[in-house]
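Here is what Swiss-Prot records for this protein:
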- 1-29: signal peptide (SIGNAL)
- ASN229: N-linked glycosylation site (CARBOHYD)
- ASN465: N-linked glycosylation site (CARBOHYD)
- ASN486: N-linked glycosylation site (CARBOHYD)
Amino acid sequence: MLKVVGASWQKTRIGTYILIGAGLLVIGAFFIGYMERPEYDGTYCATALWTKQVGFQIENWKQQNDLVNIPTGVGRICYKDSVYENGWAQIEVETQRTYPDWVQAYAAGMLEGSLTWRNIYNQWSNTISSSCERDESTQKFCGWLRDLLTTNYHRLKRQTEKAENDHYWHQLHLFITQLEGLETGYKRGASRARSDLEEEIPFSDFLLMNAAADIQDLKIYYENYELQNSTEHTEEPGTDQPKNFFLPSATMLTKIVQEEESPQVLQLLFGHSTAGSYSSMLRIQKRYKFHYHFSSKLRSNTVPGVDITFTGYPGILGSTDDFYTIKGRHLHAIVGGVGIKNENLQLWKTVDPKKMVPLVARVMAANRISQNRQTWASAMSRHPFTGAKQWITVDLNKMKVQDNLYNVLEGDDKHDDAPVVLNEKDRTAIQQRHDQLRDMVWIAEQLPGMMTKKDVTQGFLVPGNTSWLANGVPYFKNVLELSGVNYSEDQQLTVADEEELTSLASVDKYLRTHGFRGDLLGSQESIAYGNIDLKLFSYNARLGISDFHAFAGPVFLRFQHTQPRTLEDEGQDGGVPPAASMGDERLSVSIEDADSLAEMELITERRSVRNDMRAIAMRKIGSGPFKWSEMSPVEEGGGHEGHPDEWNFDKVSPKWAW
């Protein structure tokens with residue numbers, strides 16, 4: 001009897017414990033439910049690991065807030081896609097100097113490909129895939145282009161491996177290695193996400209995406225030389241005129257401001273607006289912090305340009321806009337470029353495209369190995385075949401406050417006082433200041449097969465002439481004459497423009513006012529092409545502070561409390577607005593083809609955009625932001641997968657973690 005009672009008590013005690021435990025679990029769950037959970041902003045991070053025995057591995061950390069403490073490994077990456085929020089994605093990649101350069105490069109490519117694979121696919125589908133399948137002629141051109149770039153890739157790979165002790169060629173080798181890693185990472189990312197993509201991206205199309213800046217030049221060569229010599233060429237006699245392709249180009253504005261009271265204090269104002277197909281508007285702000293060396297030997301010095309930030313596109317390892325800021329030990333500089341106009345197609349006879357080096361690879365190599373702006377221009381002058389542009393590069397470290405003696409001399413000259421008597425020490429100090437300013441600003445201009453470069457610092461310090469508007473018209477006289485382009489004062493800044501350009505806000509207004517929107521040309525002429533972004537940069541030498549922000553999407557003006565005007569009202573003005581007068585009269589666009597340019601700008605014929613239509617388009621920039629839903633399928637041309645419908649975004653200033 002006692003045994004039965006004891007057993008029953010034991011069961012009761014166990015049951016009580018179970019009930020208490022269950023109650024505690026309920027209470028704990030209640031409190032956990034009300035605890036503050038970590039909120040993430042959509043930033044995904046990963047680390048690349050490498051050993052000789054195992055090879056490469058990627059550790060994905062999913063969403064993270066504590067970016068600083070992401071494990072370094074060979075390299076690490078953080079990526080946030082905010083295209084629907086502000087028009088930009090953002091990516092930051094860092095590698096470690098203790099690993100061989102080729103390991104750093106391949107790991108960086110793998111990391112980027114694995115996290116951005118979806119945007120890479122969308123960009124390829126919107127641009128290359130849709131453009132190359134448009135008709136028979138573009139299919140043939142794309143086939144020729146893929147064969148050329150693949151052959152060129154194998155040639156470059158062999159040559160860079162042989163010339164590993166050449167600083168420039170070593171960087172080209174690393175670019176190729178990073179691109180190979182990008183393809184591997186793309187495949188791994190898509191496989192890891194178990195994505196069922198409609199098409200595979202061949203490696204030749206990764207090459208093609210990274211040759212985006214060269215394609216317009218290659219198209220000119222193809223139409224005028226490759227196609228003309230082809231046995232399949234059946235064009236009627238008398239119609240084989242040279243084919244050139246002009247589009248509303250990117251615009252770049254550079255101004256160095258000197259304070260009236262302290263002319264020795266310099267400030268840089270810089271604006272850049274890219275021209276391109278609306279289909280290519282999947283944008284990424286990138287930062288590459290790669291600790292490469294001058295050669296493949298780990299004991300060689302680290303390159304000056306370790307830290308490079310730029311605005312770019314998915315799947316492309318450089319800007320192609322082009323705008324870069326470069327930092328490193330004793331280095332802080334910017335680089336900007338726009339396409340250059342060329343009427344002299346005879347220059348292409350001296351160029352062999354099989355020996356080309358893609359522009360984006362050349363620029364990234366120059367950015368990394370150049371300690372100053374002269375060496376940057378010299379590096380860019382190697383292999384100037386395709387990707388013809390005009391460039392400006394500014395050394396921000398040279399924009400420092402002048403010494404006190406120089407200030408006194410400037411003040412005496414200003415007030416017509418008696419000059420200060422100089423001794424040898426004073427003269428030396430002044431000469432050192434002039435030497436300091438030397439090589440602060442360089443301009444380089446490339447036509448097929450040649451490049452002209454020069455230190456133009458003094459030209460930017462002359463009162464009343466401190467700005468340069470780069471819109472494709474050559475800066476140097478010899479380049480202008482060789483290009484056959486007609487110079488026009490209407491394409492340059494006026495005195496009134498110079499006086500108004502005193503801040504980033506005024507640079508912003510100028511570039512928007514003189515922007516081009518092909519979707520506003522009218523119902524019969526609309527094309528999905530124009531100025532698709534705006535980047536603004538300033539540097540205050542006194543404070544040593546820079547400011548950068550970017551806008552995504554076709555440019556438009558934000559008017560407040562303004563009654564919209566009708567076209568009838570505009571017609572009563574009896575004149576062309578100032579904005580239209582700044583239009584380049586030589587620009588021409590093939591409407592039938594330009595609507596499908598995508599990233600590749602595959603144009604096959606010419607037809608001018610009438611001046612009156614351009615004037616209307618430029619006026620209507622104030623009508624509001626671009627919307628895909630307001631364009632017909634014919635006008636759209638390429639695709640727009642992954643794009644927001646309305647491109648109405650405010651400025652974005654990236655914040656970097658490392």
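The backbone N, Cα and C atoms fix where each Cβ goes, glycine too.
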Enter the number of other CB atoms within 10 angstroms of the CB of ASN229 (N-linked glycosylation site). 8
What does DSSP assign ASN486 (N-linked glycosylation site), in three states? coil
Proximal but sequence-remote residues of the same chain as ASN465 (N-linked glycosylation site) (Cβ under 8 Å, at least 6 apart): GLY459
How big is the gap, in Å, between the Cα of ASN486 (N-linked glycosylation site) and that of ASN229 (N-linked glycosylation site), rounded to a whole number? 30
